[in-house]
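Participant: Here it is, the structure, as structure tokens.
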Amino acid sequence: MEEGCSCIYSRMASRFSIGLLMILAIVLLMVRVLYVIYRCGKPLPKGASQSFSTLIVLGSGGHTAEMLSLLSVLRKDRFTPRFYIAAATDNMSLQKARSFEDSVADKPAVKEASSQFMQIYRSREVGQSYVTSVWTTIVAIVHALWLMIRIRPQVILCNGPGTCIPLCVIAFVFKVLGIRWSSIFYVESVARVKKLSLSGLLLYKLRIADQFFVQWPQLQNKYPRAHYVGCLM
């Protein structure tokens, strides 16, 4: 009888210890997430690198034209090397990015060293069924994870294409885990006048973006954490 009671108490103590450890792990994770959210958007410490490896997410439907317009006013020596990423089915965006790099490069050797062009699988193509999109979404997430591990960017620039979501989410997870701190700058498309795009809404609501910019004052009034910067085109 005593042995049976001892066994029961031992099992209860073991389960209690496991439960306590799980609660402690969850609390620590929540604290880390809150710390990352608090740190997001804070200025870089003094002595930070003079140049930042930069991931630039391109997209069809005008996103690439807006992004290249934004890049044209940035100091290229501060945001280098530059990694351009577009959907695997979007060859036009990468062609435009190559032409842009050709136009700003002083020397061919510098161009090759400061910019790279990559493609990423899309979670779902237009018209694709939701059943088959489950598999393609898994493939896209794994591919995005591989790209983020390979690039390890210090800065991420994006302005709305859906391909930016897995990359930004993985970057946020890397921050929480202490793997890599990537500052995410999101610029909402000028076409968004009254409400955010789905990508913008997700990054805003989940507080994933370090800095969130809009190009219309009514959007800034609706989303107070966003910064109004005027029309950038």
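Just so it is clear, glycine is given a Cβ too, placed from its N, Cα and C backbone atoms.
Residues annotated as transmembrane segment in TrEMBL: 18-38, 50-74, 130-148, 154-174.
Describe the structural context of each listed feature in the structure shown, including burial, neighbouring residues and relevant distances.
Facilitator: Note on the transmembrane segment (18-38): residues 172, 175-176, 207 of its chain, located 6 or more positions outside it, place their CB under 8 angstroms from a CB of the stretch.
Within its own chain, the transmembrane segment (154-174) has Cβ neighbours under 8 Å at 36, 49, 52-61, 63, 66-67, 70-71, 79, 85-87, 120, 122-123, 140-141, 144-145, 147-148, 180-189, 192, 197-200, 202-203, 206, 208-209, counting only residues six or more beyond its boundaries.
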Participant: For the transmembrane segment (50-74), what are the same-chain contacts with Cβ under 8 Å, counting residues 6+ beyond its ends?
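Facilitator: Residues packing against the transmembrane segment (50-74) from afar: 80-87, 90, 92-94, 96-97, 100, 104, 151-164, 167, 182-183, 187, 189-191, 232-233.
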